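Structure record follows, encoded as structure tokens.
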Amino acid sequence: MFEVMVLAIALSMDAFAVSIGLGAKETKHTSMLAFKSASYFGIFQAVMPLAGYLGGKGVLGWVQSYAHWIAFVLLLLIGAKMLYEAISEGIEEDITQITHRVMLMLAIATSIDAMAAGFTLTLLQVEPFIACALIGITTFIFSWIGVVVGKHSGTWLESKAECFGGVILILMAFKILLL
């Protein structure tokens, strides 16, 4: 279960980073935004790995002999992508109004990685529903905290959170490969 907790923390860093940005932009109604952000990100981060797990379970019989390589590559790529996004100076879309549509798009964008990581749950031999609930709850908590942190400190922590998540996923990839 320790591995699931580490995975949950790593996967929640995308949503945490986005929540920091949302909190820095929104000066009023912080409690409502924190709840909204935590709910959207938490639900999507719980559902997407379950979809990845179910997809992985469906093909596990065909790829059993090299499933650890697939998990290694997926976690390595997701971690590398998070690191790249954290250090690259790309143009970010300026969000002027935090609507349902914006939150939905952000929740989907931050949880795509969780779907791919859900495949690795088949190798961790854990109860998938408990693991996905833990991922969702962890993301809910980090997203709430992210909005509050963003309101008080601005966006300086965004890229650091994504770097942390990326490094954790890369380390998990090597752990799966080596053990």
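Yeah, the Cβs are placed from backbone N, Cα and C, and that goes for glycine too.
According to TrEMBL, the protein has these features:
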TRANSMEM  6-24  transmembrane segment
TRANSMEM  33-54  transmembrane segment
TRANSMEM  66-84  transmembrane segment
TRANSMEM  104-122  transmembrane segment
TRANSMEM  128-149  transmembrane segment
Distant-in-sequence neighbours of the transmembrane segment (104-122), which means Cβ under 8 A and at least six residues beyond its ends: 4, 7, 11, 14-15, 18, 40-41, 43-45, 47-57, 60, 67, 70-71, 74-75, 77-78, 81-82, 128, 131-132, 135, 169, 172, 176
Intrachain neighbours beyond the transmembrane segment (33-54), with Cβ under 8 angstroms and 6 or more residues off its ends: 11-12, 15, 18-19, 22-23, 26, 98, 103-104, 106-108, 110-112, 114-119, 121-122, 128-129, 131-133, 135-141, 143-144, 146-148
